[in-house]
Amino acid sequence: MKPSPRSVALALGLAAGIGIARFGVIVGALELAPVLGIAGWYAGLFANALCVLFAAGVVTMLGVWRDQGVLRLWRSPLAALWLLPFVAEGVLRFALPGSIVVPPPGLALWILTLVLASLNEELINRVAVLSVLRRATGAVASAILSGALFGLAHLSLLVTTPSRSADDILLNVLASATYGFALAAFQLRFRWLLPLVLVHAFANASVIFVPLEVPLVLDVIIHAGFVVVGAALLVSRRRGFRPGRTR
């Protein structure tokens, strides 16, 4: 049955509201951190920890922990193979000429905050937002819309990272939208969240720990590739390869 405009509008409003509320948690955490004596880099860690709690609360309210495979440790060899394009992006960045630099306060704390950041973003975007949109719009539209919302969420960098230029942030928004689309397509296909958290954290680590930037042309090719990967995942899903039927 074709979704009604009203149900689509309500789903979009709820999905956008979840993202806006998460941004409010970030802003609130950064304001609260100095009051609690948390300063500098650790304020970001504090914000990510609160965002994980917020995301877990949203997923609990929606009742989709089990349905979306949030706690699933393993899906199938086929699902693992589909992760290779996501892993390849980070590997490519780490393979760039030059040394890998781990900024203060050290590798362990960076790993912690990267995992927390990826966990809350995946719970919000690939579980909560995607579930809401999927019910109202169908698989293809929900993947596209959730990817777009994921990209737009990175406009928060204008507030949280004012040192970055507007052009750089807008490019990040576009790149994140294609990445989010591919991640959403994977989640719709397999309902297996754990590896998405890990590949997301790995991709972010490759950006932070490698000072050299990927050439723009190569970056465009990478993210065009994510669009292709996402489309292929959705096509394979429509041809009858459902999550419950993977080998």
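Note: Cβ is positioned from N, Cα and C throughout, glycine not excepted.
According to TrEMBL, the features are:
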TRANSMEM  39-65  transmembrane segment
TRANSMEM  77-95  transmembrane segment
TRANSMEM  107-124  transmembrane segment
DOMAIN    107-205  domain 'CAAX prenyl protease 2/Lysostaphin resistance protein A-like'
TRANSMEM  136-157  transmembrane segment
TRANSMEM  169-186  transmembrane segment
TRANSMEM  193-210  transmembrane segment
TRANSMEM  216-235  transmembrane segment
Would you kindly list the residues that approach the transmembrane segment (39-65) from elsewhere in its chain, counting only those six or more residues past its ends and only Cβ-Cβ distances under 8 Å?
18, 21-22, 25-26, 28-30, 32-33, 71, 104-105, 109, 112-113, 116-117, 119-120, 123-124, 127-128, 131-132
DSSP helix, strand and coil counts for the domain 'CAAX prenyl protease 2/Lysostaphin resistance protein A-like' (107-205)?
90 helix, 0 strand, 9 coil
